[in-house]
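J.: Quick paste of what TrEMBL says about this protein:
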| type | residues | note |
| --- | --- | --- |
| REGION | 1-57 | region 'Disordered' |
| COMPBIAS | 29-48 | compositional bias 'Pro residues' |
| DOMAIN | 193-289 | domain 'CRM' |
| DOMAIN | 311-407 | domain 'CRM' |
| REGION | 418-439 | region 'Disordered' |
| REGION | 497-546 | region 'Disordered' |
| COMPBIAS | 499-508 | compositional bias 'Polar residues' |
| COMPBIAS | 511-520 | compositional bias 'Basic and acidic residues' |
| COMPBIAS | 521-539 | compositional bias 'Acidic residues' |
Amino acid sequence: MAIVASLPTPGLNLFSSLPLGKDPTASSSPPPPPPPPPIPIPKYPPPLKKSKNSANPAFKIPHLRTKYYKPVKDGGGVIASDGDRSVLVGDSGVSYLLPGAPFEFQFSYSETPKVKPLAIREPAFLPFAPPTMPRPWTGKPPLKTSKKKIPVFDSFNPPPAGKKGVKYVEMPGPYPFGKFPEEGKSREEILGEPLKTWEIKMLIKPHLSDNRQVNLGRDGLTHNMLELVHSHWKRRRVCKVRCKGVPTVDMDNVCRHLEEKTGGKIIHRVGGVVYLFRGRNYNYRTRPQYPVMLWKPAAPVYPKLIQEAPEGLTKAEADEFRKKGKNLLPICKLAKNGVYITLVRDVRTAFEGSPLVKVDCKGMEPSDYKKLGAKLKDLVPCVLLSFDDEQILMWRGQDWKSMYPEAQPSISFPAELDIASGSDDSGKSDDDCDNSDAKIVSSSPKMMLLWKRALESNKAILLDEIDMGPDALLRKVEEFEGISQATEHSYPALVMSTEDGSSNSISTFEDDSHSEKFSEDDMYSDDEYYDSESFEELETSAPPGSLSIDLIAGKLDKK
């Protein structure tokens, strides 16, 4: 009670910082207005009201996280149509058919699974601009019509050299001497005559260290890349395509789709880099023009890659394999956005020693290593068991066959001449020949040719006895070294007379095997498009120092 009595009057504010006796509410003057801001506040227009009834069904796309699920019928076929434009579902996935198109359009031509989808994740619509638009869709309002007459340049009518304000347009070619460009409609007419080897090198050389290229990633060859390739061909005759990621597992598939969809010709390929030639008679003005996809369609639903009981296994056996796979070491570690050209070969080789193979994919996107597993399933082939811990576990399957069959075609060397001892075995009786074990060698024809050439030139020896001791084998090697060195350093002498009567002895060496050379032109022998004729360097058979000019130079050096 004593504390309550000591409190001040009820009208006093205990937490006020103002001096006593002054009441802020008693002042009659209003407070001053706040100072104006240094920058005027902009007045934005009111937000546009979204119309509920939109004419184009493309603006009614459900969100990606919605549970839209529409099963596909067994027969597939057309699931939506708008006049002549329709959406198809088949074994090659979802495709779009437009009137006058040379083929069915797809978002990705090289990376679409070759399996019929089970359902679609969004309503079927065409991801192209409506046909009623008077101009191509650019996302901007149309420009005002210009009164100037703009000249139109193309490959057959390039701009003159030195003209300002005009970008460079590559002329058609290259052409042999005396030939000129011709208008072509088909692919064969546009490509023209096959390129020679020196022409291929001339076309590729400027692009080796150039970064002007088309990047091909995890989606593979997409529809919009077709127009991008033609835009590169407008400035240069060769388009450089660099492939990385999942498509590099099957580069043959990527190259096949590049040639089919663009109409060009692949003239060189190294690793994941492809050089695409447009053709001798290419004209940018008459190129095929395809509509551009305005957005990426949602991927349909495909069957699951991993099954509880895969092909040829029960659930208990599959679980046992998965347990063993946890302790299995991976054969390789794949990097993100790498080049996986040798992956199929490595997996096939690993299956020779183990029925289970694991590939480490840590750090990669889940969709990437799942696509890798689907490709390996078809290319190796194999059975997928799991994607646990970002690793692909595979089983080689019941129908697996080794790459090295037991019964290989064999070639036996005839017993003609013993090179080491120099004796001829022709005097032996028939019984001795029958009793002697034949030495069977299994190898490729090219390797056998090299072995025969080495035997004929005394650079190799054929041993009749396999079970030899180390001392006997050492004696054979020492004898053969003396024979091979004497043969190698013994050349026919060529005596040349000079003006003063002195003679100059120069050793010469004639190579009888110059007609059997393996050059890089053999790579193009299987392709009809390439021509093996080229300006090759001529090799002389005269040894160094045997020419007359060498003798004159030697005399001048002595003086």
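Just so it is clear, glycine is given a Cβ too, placed from its N, Cα and C backbone atoms.
Just so you know, TrEMBL annotations never went through curation; they're auto-generated.
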J.: Give me the DSSP three-state residue breakdown of the domain 'CRM' (311-407), ordered helix, strand, coil.
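T.: Summed over the domain 'CRM' (311-407), the classes give 38 helix, 16 strand, 43 coil.
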J.: Go ahead and report the DSSP secondary structure tallies for the domain 'CRM' (193-289): helix first, then strand, then coil.
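T.: With helix first, then strand, then coil, the domain 'CRM' (193-289) has 39 helix, 23 strand, 35 coil.
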J.: What average pLDDT is reported by the model for the domain 'CRM' (193-289)?
T.: 93
J.: Please spell out the DSSP helix, strand and coil residue counts for the compositional bias 'Pro residues' (29-48).
T.: 0 helix, 0 strand, 20 coil
